[in-house]
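What TrEMBL says about this one:
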| type | residues | note |
| --- | --- | --- |
| BINDING | Lys53 | FAD binding site |
| BINDING | Gly179, Gly180, Gly181, Ala182, Ile183, Gly184, Leu185, Glu186, Glu202, Gly266, Asp305 | NAD(+) binding site |
| DISULFID | Cys44-Cys49 | disulfide bond |
| DOMAIN | 8-320 | domain 'FAD/NAD(P)-binding' |
| DOMAIN | 341-449 | domain 'Pyridine nucleotide-disulphide oxidoreductase dimerisation' |
Amino acid sequence: MGEAQQVDVVVVGLGVGGEEVAGRLAQAGLSVVGVEHTLVGGECPYWGCIPTKMMIRAGNALAEARRIPGLAGAAQVQPDWAPVARRIREQATDTWDDKVAVDRFTGHGGQFVRGRATVTGPGRVRVGEQEWVAGRGIVVATGTTAVIPPIDGLAGTPYWTNREAVEAETLPETLLVLGGGAIGLELAQVMARFGVQVTVVEGSDRLLAMEEPESSETAAAALAADGVKTLTGVRAEHVTQAEGGFTVRLSDGSTLTGERLLVATGRAARLAGLGLETIGLDPSARFLTTDDRMRVAEGVWAVGDVTGNGAFTHMAMYEADVAVRDILGQGGPGADYHAKPRVTFTDPEIGAVGLTERQARDQGLDVQIGFSSLPSSSRGFVHGPGNEGFIKLVVDRSRGVLVGATSAGPSGGEMLGALSVAVKAEVPVATLQATIWAYPTFHRAIGDALRSL
Ligand SMILES: Cc1cc2nc3c(=O)[nH]c(=O)nc-3n(C[C@H](O)[C@H](O)[C@H](O)COP(=O)(O)OP(=O)(O)OC[C@H]3O[C@@H](n4cnc5c(N)ncnc54)[C@H](O)[C@@H]3O)c2cc1C
Ligand SMILES: NC(=O)c1ccc[n+]([C@@H]2O[C@H](COP(=O)([O-])OP(=O)(O)OC[C@H]3O[C@@H](n4cnc5c(N)ncnc54)[C@H](O)[C@@H]3O)[C@@H](O)[C@H]2O)c1
């Protein structure tokens, strides 16, 4: 091995978070090495947010067309996956080619290295025979990978994760989905709208178990309306696979069969084999714990899914900004997680920010709940079919501010904007109640929920 090259920063993993950090530091004039072993951009553009939201856009178009009878005449809907697969291939992923992203980084002056990085000591990173010494430090942004549960018989079968589901050129006739979280539900609903017979198996007693119980009920009703069968409180115990597909035996003794099996049972940080022990960190930790400047240790920062602060692209971008400002000594606000937004893009969309009612009560807050139902609002009434949803507000009565909120509905994700500002800025409930909410919008249901307090 030759002499180690002296640089300012090495960024390990150029997904959403790492690409942002590496690009901005290079633009600022630092000597930056960015290492990526798969595709620059990471999960979100190639197998996550973007292609799955293209699928959802297509599924929602079908669902909306099916709502024409009774509203606007007659419509014949013939689903075809080919344009969806084509759009993902040609528009979203460039057939899973990251040339544009690599060129953008090198255009900023960054040094790009394709390969698997390992940390070999303080400030030291190696890829194959090349080694660098980073004077300012290392940024770890290695993201997460799908968790494959240790179910008897599962390993070695051609199960799908999100990656195979996104790359599918044709759809199966039947699909079994393990996991009723965001990935499982978004993909289950889309596939069902394209005519696939889908069954979701969720181990806990409700779908979207981390969100409000009302969100779980809304999601379950929406999936049922699309013909998805959902089983909760049961776990897969045994899997066999043969030519015709998969057979899954569940903890209640029943069996399910499906042409394809999608495993969507959560994500785990990619920390194994990174060499974290060479810089005094625990390589078996679930996540890298950061301070409010995204520092893990002296000269080590971490951003994105790997920090465990919420596996969302907006969190990776947010943390990247904090880390960049810290590395460049620019100051500004530290990371603050009290108003984390998230949206599950089922139809209806289920958006939430801050604490759920349960979390607020567990923190010992003096909780007050506001609630309104979308179908009972003027806009919901006008909208008719597809108007399901609600607003739920979690108020800290002693401080008179919202600490959390959920907005479920046809534009649940968009309506979350106002609620995110309210939670983040701790807008007094009295001010929110004195706000004029335009008529007849969906977001006026926020006013209804405030009035119910
Ligand atoms: C199906 C699906 C749908 C999603 N939808 C949404 C959504 O709608 N909205 C949303 O906000 N979020 C969504 N997410 C989550 C979002 O994709 C992630 O939060 C985001 O990609 C995290 O970015 P990251 O940079 O932390 O990690 P990643 O995007 O995972 O990038 C990490 C990169 O590091 C590389 N790497 C790992 N180890 C090494 C190493 N040793 N050497 C070199 N390179 C390495 C990997 O190859 C990878 O490219 C979705 C995720 C999935 C799976
Ligand atoms: N719209 C979005 O922003 C979006 C979309 C997709 C993914 N994501 C991100 O990716 C993360 C991962 O998504 P996910 O859906 O894989 O994980 P998740 O953790 O949200 O849900 C996984 C579900 O699988 C269940 N489960 C675990 N083991 C099981 C088993 N053996 N049998 C049956 N059920 C089992 C869990 O109880 C859980 O409800 C999300 O939490 C989110 O951060 C975001």
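Note that Cβ sites are derived from N, Cα and C of the backbone, with glycine treated the same way.
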Close to ligand 1, in the sense of Cβ under 6 Å, among Gly179, Gly181, Leu185, Glu202 as binding-site residues, are none
Over all pairs within Gly179, Gly180, Gly181, Ala182, Ile183, Gly184, Leu185, Glu186, Glu202, Gly266, Asp305, the annotated NAD(+) binders, what is the largest Cα to Cα distance, rounded to whole Å?
23
Roughly how many angstrom lie between the C-alpha atoms of Cys44 (disulfide bond) and the residue listed as 'FAD binding site'?
10
Same-chain residues at least 6 apart in sequence whose Cβ lies under 8 Å from Cys49 (disulfide bond):
Thr313
Taking only the Cα atoms, work out how far Asp305 (NAD(+) binding site) lies from Lys53 (FAD binding site), in Å, as a whole number.
19
C-alpha of Lys53 (FAD binding site) to C-alpha of Ile183 (NAD(+) binding site): distance in Å?
11
Where ligand 2 binds, which of the recorded positions Cys44, Lys53, Gly181 are close by, with Cβ under 6 Å?
Gly181
Other Cβ atoms within 10 Å is the metric here; tell me which of the binding-site residues Glu202, Asp305 scores highest.
Asp305
